[in-house]
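Student: Per TrEMBL, the feature domain 'DAGKc' maps to 124-253. The feature transmembrane segment is assigned by TrEMBL to 12-30, 36-55, 62-83, 89-109.
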Amino acid sequence: MGEVVDGRRPRRLARLALLCALAAVAVIAFTGPHGLLVLLAQFVGLALMAAGAWWAITRRALLRIAGAALAVSAPVAVIVLAYAAEVLLFAAIGLALWLAGLACARAALRAARPPRPMPVREVPPPRRPVLIMNPSSGGGKVERFDLVRRAEDLGARVVLLDTSGRQDVAELARRAVTEGADLLGVAGGDGTQALVAAVAAEHDLPFLVVSAGTRNHFAMDLGLDRADPASCLDALRDGVELAVDLGRVGDRTFVNTVSFGAYAQIVQSPQYRDAKTATALDTLPDLLLGESGAKLTARADDHRIDAPQALLVSNNPYAAPDPVDLGRRPRLDGGVLGVLGIRVDGAAQAAELVLRGDRAAGLRLLSARRVTVEADVPEIPVAVDGEALTLPTPVICTLLHRALRVRVPRDRPGANPAQQAHAHRLDWRDVARLALGRTASSRTGGR
Ligand SMILES: Nc1ncnc2c1ncn2[C@@H]1O[C@H](COP(=O)(O)OP(=O)(O)OP(=O)(O)O)[C@@H](O)[C@H]1O
């Protein structure tokens with residue numbers, strides 16, 4: 001299913017992007033020294049905001065309040081300064097032009113290098129599908145979307161989880177296989193998806209994802225509709241198959257992420273479920289300033305990440321940092337883990353992170369086939385697809401390449417290239433090349 005690419009579209013969009021960017025610069029230049037002063041103040045304001053946020057999360061009592069006050073007042077001060085210097089309107093127009101330029105630049109690169117969709121395979125419909133449904137997921141989406149009746153109408157057998165206790169979901173899935181299931185599916189959160197996906201992969205059975213959880217990150221990156229979980233059931237009658245990777249951490253399977261460090265430690269706390277923000281605010285100062293929590297060292301293939309405060313290992317890398325694609329993976333069949341490590345030691349580094357993004361020294365973005373996490377303690381908290389666990393060190397993460405057959409509906413929003421995440425970082429040199437009618441280079445994000 002090749003898409004016809006109009007060769008002139010990327011060039012037009014790239015020229016429009018450059019025009020918007022130049023117009024933004026011209027508008028600011030037009031305001032003279034006042035405008036330039038406000039522009040400079042914006043960067044200082046951003047740095048102060050980040051420093052204030054750092055103090056707000058790593059200190060307690062008065063220092064915390066002062067930090068929060070700085071984080072809020074810095075951007076307000078920039079707006080007041082722009083107003084006093086009578087350049088507020090021009091600053092707003094300049095910002096709007098700059099954002100429009102960014103949007104056109106991104107669209108130009110996307111048109112020039114459309115994301116390559118994951119290959120699909122034609123398959124006959126299943127005859128004995130079994131779906132495990134969690135009535136508590138997503139605040140009761142199974143009932144709200146009438147998923148049991150709809151699935152049964154399409155010939156599936158539904159196993160409803162009893163959420164009054166903790167059921168062994170993997171065991172339920174294995175029993176369904178013994179009883180002859182030729183497809184396993186889950187309507188529930190990502191943690192439950194991972195448990196059943198492991199059983200499906202073990203038996204080389206197709207797996208069906210119904211986006212009935214709260215976050216549904218796996219469903220999103222498969223291109224499924226998160227707003228309408230019932231649409232995922234279309235895969236039972238008119239489905240196609242994708243072969244995607246499965247992550248392994250120790251002897252467990254994960255579909256999205258494994259998180260180490262501050263986040264994993266916080267979600268372990270018994271108070272976390274009832275009071276998320278209060279627990280995080282209470283624990284973060286000690287965790288981030290190194291007074292509690294294990295000291296981690298990660299090895300991602302040949303790279304070493306020393307003492308990260310937070311480390312995220314993902315089943316395939318996330319898209320290059322971009323406000324539109326943030327939190328999405330362009331593909332799930334690339335055969336590599338994504339690795340993101342953060343180490344921030346003070347307010348100055350927090351400011352650098354905000355101003356320089358993925359170019360900041362405190363942020364490491366890598367891809368690797370194997371990640372080993374060591375610690376100065378025998379066990380560490382690990383969040384696996386959002387589930388809080390404690391694992392013995394060293395913890396090893398690997399990937400099983402294309403180990404899971406996922407049955408998805410033929411028509412799904414994420415199959416549209418315009419909806420797919422982009423793997424490339426926005427580079428204005430590429431946009432300029434496109435505007436001149438040359439092809440953009442094919443660098444990928446990550447370092
Ligand atoms: N194996 C299980 N047995 C019984 N109840 C379960 C089981 N797994 C989850 N639950 C219950 O179901 C609730 C919802 O869990 P689930 O992770 O499926 O959905 P969610 O939390 O809405 O989604 P997300 O994982 O995206 O946040 C949990 O709070 C838990 O009480």
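Heads up, the Cβ atoms here are built off N, Cα and C, so glycines get one too.
Because TrEMBL annotations are produced automatically, they should be read as predictions rather than curated entries.
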Student: Under 8 Å, at least three CB pairs between the transmembrane segment (12-30) and the transmembrane segment (62-83) (pairs 6 or more apart)?
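Tutor: Result for the transmembrane segment (12-30) with the transmembrane segment (62-83) is no.
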Student: Please give the average pLDDT for the domain 'DAGKc' (124-253) in this predicted model.
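Tutor: Averaged over the domain 'DAGKc' (124-253), the predicted model reaches a pLDDT of 96.
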Student: Under an 8 Å Cβ to Cβ limit, what residues of the same chain, 6 or more beyond the ends of the transmembrane segment (62-83), are close to it?
Tutor: 37-38, 41-42, 45-46, 48-56, 91
Student: So, by DSSP, how many helix, strand and coil residues make up the domain 'DAGKc' (124-253)?
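Tutor: Taking each residue of the domain 'DAGKc' (124-253) in turn, the totals are 50 helix, 31 strand, 49 coil.
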